[in-house]
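Worksheet for the structure shown next.
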């Protein structure tokens with residue numbers, strides 16, 4: 001859900017950025033100085049504190065940010081915001097992105113336009129609620145791994161480039177058996193990421209839906225399918241596989257799953273509260289990021 005919100009200002013601002021990304025330290029430093037000039041309390045996440053001079057500022061571990069801040073500003077690209085979402089969502093801390101990456105579907109504000117933040121801090125912004133997925137890997141009765149994903153839960157080949165055979169169940173109903181290089185289970189947020197390159201549909205972020213996108217399927221009739229986001233997806237790895245595939249959440253963690261194991265995916269119970277400037281427009285973002293503004297040349 002996207003709504004324009006006018007509410008009391010944000011006064012305690014936590015800053016986060018990814019080390020090793022060009023321009024991030026400089027933007028963090030400029031942002032810190034700008035926030036101080038606006039008489040806001042600035043809190044540095046531990047890694048951000050290593051990148052700039054924050055000797056006079058409070059430094060807080062990532063998992064404790066909500067105790068000290070009412071807004072998290074992330075400097076980086078979409079990958080940086082994905083990482084921040086994994087930290088902010090369980091704490092229900094709103095997130096605003098400053099783009100230092102390439103595409104920037106999720107990070108709205110350019111680093112040379114930090115003054116846009118002033119209106120947001122004064123309570124004038126758009127708040128968008130985006131759901132996440134929760135993935136669970138089980139082998140027998142044992143839970144091997146569990147994690148959340150803003151973009152996608154992905155079944156990938158193992159170390160050998162071989163096809164994977166697996167069964168798909170939705171709400172305990174058998175859907176199909178597939179042989180493919182893998183499967184992407186994507187949220188609307190992730191539909192413009194890895195799933196898009198795999199031929200998946202673009203899902204508007206306000207849709208309560210997720211898409212299952214097969215990767216290089218063995219049969220031409222195998223196509224992406226869009227399902228209700230309230231569904232539970234079960235992927236059963238065929239015992240006939242002679243390799244153990246991997247399961248990844250947002251590309252951040254990779255867990256091996258043995259043949260016969262199951263991957264369960266469902267909507268996570270906490271959403272991401274993503275903050276945008278009041279002039280944010282989703283279709284405008286698509287036009288800019290996907291070069292839809294370019295008109296076809298006339299013959």
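Cβ atoms are placed via backbone N, Cα and C, with glycine included.
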Record-annotated NAD(+) site (Swiss-Prot): member among 67, 68, 162 besides 78, 79, 151, 152, 179, 181, 192, 193, 194, 195, 196, 197, 252: 162
Residues that sit under 8 angstroms from residue 181 (NAD(+) binding site) by C-beta distance, when 6+ apart in the chain: 156, 157, 161, 163, 164, 215, 216
Local Cβ density at residue 197 (NAD(+) binding site) - other Cβ atoms counted within 10 Å: 11
